[in-house]
Each structure stands twice: as C-alpha cells, then as structure tokens.
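Engineer: What Swiss-Prot records for this protein is below:
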type     : residues              : note
BINDING  : 28-35, 76-80, 133-136 : GTP binding site
REGION   : 200-223               : region 'Disordered'
COMPBIAS : 210-223               : compositional bias 'Polar residues'
Amino acid sequence: MAGDRNRHCELEQEKYDTHENVKIICLGDSAVGKSKLMERFLMDGFQPQQLSTYALTLYKHTATVDGKTILVDFWDTAGQERFQSMHASYYHKAHACIMVFDVQRKITYKNLGTWYAELREFRPEIPCILVANKIDADIQMTQKNFSFAKKFSLPLYFVSAADGTNVVKLFNDAIRLAVAYKESSQDFMDEVLQELENFKLEQKEEDTSGQEQSDTTKSPSPS
C-alpha cells in the first residue's frame with residue numbers, strides 16, 4: 001500500500017512537471033463568500049487542503065485553456081483576513097487575484113482599498129478581478145455603480161455563490177487571465193533565463209569533462 005501511495009505522489013508530481021501551473025489568490029473581508037464561491041465552482045470535484053503553516057486553504061483544479069492542460073492552485077485566506085492583512089508568502093508568485101466584497105455589507109466594499117493597496121505592494125502587475133457577491137439577496141444591486149472598479153480599471157463581476165450566477169464565467173476568466181499573465185510576465189522571462197543558465201552550466205560541465213578525458217588520453221606514459 002505504501003508503494004501505491006508513493007507511486008500516486010510521483011504521478012501527481014509528474015503532472016505538475018509536465019503541465020502549466022498557475023496560482024490564483026482570493027482577497028476580501030471575512031464572510032464575503034470567497035470559500036463558497038470556490039466550492040460552487042468546483043462542486044463535488046474539489047478536495048480542499050488545509051495548510052496550517054501558511055494559514056490558508058488550497059483548492060486544486062485542472063482546466064483546459066487553448067488546448068493546454070492547466071493545473072490551477074486557488075489560495076483562500078482561511079480566516080487570516082480577520083487581521084486585515086495577509087502574509088507576504090500568500091502573494092508570492094501569484095498570477096491573478098479575485099477580490100470579493102458582499103453587496104449587502106458596505107464595510108466590505110469600503111475595505112477594498114486596503115486589500116488592493118496590499119495586493120499592489122506585493123504583486124503590482126497581476127490581473128485582478130473585482131467580485132460583487134450575494135446578488136441573489138438583492139438583484140437591484142447589479143444596477144448600482146461601484147466606482148472602485150472604474151477607478152482602478154478592474155473588471156467587475158456580479159455573482160452569487162448561493163445560486164451560481166456568473167460563478168463559472170468568473171473562474172474561467174480568472175484562469176485565462178492568470179495563464180496570459182504568466183506567459184507574458186517577468187515571471188515567465190525569469191523561468192526562461194533560469195533554463196538558459198542551467199543549460200549553460202550543463203554545457204560547461206560537459207566541456208570540462210571532455211577536456212579532462214582528452215588530457216588523460218594525451219598524457220605520456222611514465223618511463
């Protein structure tokens with residue numbers, strides 16, 4: 001049985017080694033529905049993993065974008081947002097952000113500025129989607145003008161975790177934005193440069209090894 005588990009882990013690692021992988025983080029006040037939105041999107045196929053070390057919940061998802069298999073890590077705050085701040089590791093190498101507020105609670109909208117400022121401190125260029133959740137409680141909210149989105153040129157999605165309105169579109173669009181960002185961002189360039197550096201090191205090692213063998217062949221035999 002242990003061997004089977006090890007093999008399963010190896011297969012999972014192979015998946016991550018051979019496919020694209022993106023990280024999408026969720027921000028917003030407590031109880032705005034971040035976790036419920038993810039669970040609604042993933043439905044019965046999700047297996048959230050509690051990572052107590054980082055005070056977060058990790059949701060894994062496999063998507064297809066332009067014919068490519070994309071492995072998506074959705075990071076949820078797991079209550080850490082109560083402190084109105086997230087640890088820097090939460091933002092590390094994120095490729096997109098979903099920022100949520102509750103249309104029924106004005107304070108969650110007011111606090112968007114704090115969340116957005118912190119996001120831009122750590123990830124100044126990643127795409128960010130603004131999400132107005134719980135519209136099922138008052139559909140008239142979709143007619144309101146939420147100026148925060150316009151002020152920062154953010155796409156605004158009106159959604160409901162309760163009845164599923166626009167949830168699938170929200171997450172599919174977030175995945176596409178994350179993939180597009182990764183392919184064109186400095187993160188991607190850093191990966192390319194690192195691969196080139198590794199290739200140069202391998203070539204240097206091969207050349208050094210070849211030179212040593214050549215020197216050994218040319219060395220005269222002792223008289």
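Backbone N, Cα and C define each Cβ position, glycine as well.
Help me picture where these features are in the structure shown.
Structural biologist: Secondary structure at Gly28 (GTP binding site), taken from DSSP and collapsed to helix, strand or coil, is coil.
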Engineer: Would you count the other CB atoms within 10 A of the CB of Ala31 (GTP binding site), including those on all shown protein chains?
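Structural biologist: Around the Cβ of Ala31 (GTP binding site), 13 other Cβ atoms lie within 10 Å.
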Engineer: Counting every protein chain present, what is the number of Cβ atoms, excluding its own, within 10 Å of the Cβ of Gly28 (GTP binding site)?
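Structural biologist: A 10 Å sphere around the Cβ of Gly28 (GTP binding site) contains 24 other Cβ atoms.
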